[in-house]
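Below: the structure, in structure tokens.
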């Protein structure tokens, strides 16, 4: 088990898919920390559209410009992953007031599980505050244009998912 380092932050999520809002949060966090670990959760119960490997690869591509950001998949309890990474900070994004209740509950639970780790909430730029992965997936599933919400590589990955489902 690693010792918590306040200069290392973990930003967890399913990132199914990674959006411009997620990228904006990492862009804001990267200058604040020596190391930011984007933890891509396996989360089979959420029925992800993209495999864990594909989500990790898309996030790595989207965040490649940051030398202090690494992307890792995980399939353990978040508290265990945070400890494994030696992080002292857990980053969470708040898009709107509606996110707060859930995030507050999660932060409280994490405080009990990993009391040595602080949760830090960041808000995305206003132009990204309405973007969610679930909305992007639904728009893409129905053939809509998601290019304003995600990187081009994600647009292509979602197009491939839609195409493979149409052929099934």
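Our numbering is plain: 1 for the first residue shown, then up by one each step along the chain.
Placement of Cβ uses the backbone N, Cα and C atoms for every residue, glycine included.
As given in Swiss-Prot:
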- 14, 15, 22, 93, 94, 95, 103, 128, 129, 130, 131, 132, 133, 134: ATP binding site (BINDING)
- 14, 46, 78, 92: substrate binding site (BINDING)
- 22: site 'Transition state stabilizer' (SITE)
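Positions of Swiss-Prot features highlighted on the structure.
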residue	record	DSSP class
14	ATP binding site	coil
22	ATP binding site	helix
46	substrate binding site	helix
78	substrate binding site	helix
92	substrate binding site	strand
103	ATP binding site	helix
129	ATP binding site	coil
Problem - Cβ packing number for residue 103 (ATP binding site), 10 Å threshold - result: 15
Problem - residue 78 (substrate binding site) and residue 103 (ATP binding site), distance between Cα atoms, whole Å - result: 14
Exercise for the section: Quick one: of 46, 78, 92, which binding-site residues lie within 10 angstroms of residue 14 (ATP binding site), measuring between C-alpha atoms? Sequence order, please. Expected result: 46
Practice task
Round to the nearest Å and give the CA-to-CA distance linking residue 92 (substrate binding site) with residue 22 (ATP binding site).
Solution key: 10
Exercise for the section: Provide, as an integer number of angstrom, the distance between the C-alpha atoms of residue 78 (substrate binding site) and residue 94 (ATP binding site). Expected result: 18
Practice task
Provide, as an integer number of angstrom, the distance between the C-alpha atoms of residue 22 (ATP binding site) and residue 46 (substrate binding site).
Solution key: 18
Problem - Most Cβ neighbours inside 10 Å, all chains, among the binding-site residues 22, 46, 92 - result: 22
Problem - Cα distance (Å, whole number) from residue 46 (substrate binding site) to residue 94 (ATP binding site) - result: 20
Practice task
Return the member of 129, 131, 133 nearest to residue 46 (substrate binding site) in space, with distance defined Cα to Cα and candidates limited to these binding-site residues.
Solution key: 133
Completion exercise
Taking every pair from 14, 46, 78, 92, which the record gives as binding substrate, the longest CA to CA distance in angstrom is 19
Exercise for the section: Tell me the Cβ neighbour count for residue 14 (ATP binding site), meaning other Cβ atoms within 10 Å of its Cβ, over all protein chains shown. Expected result: 19
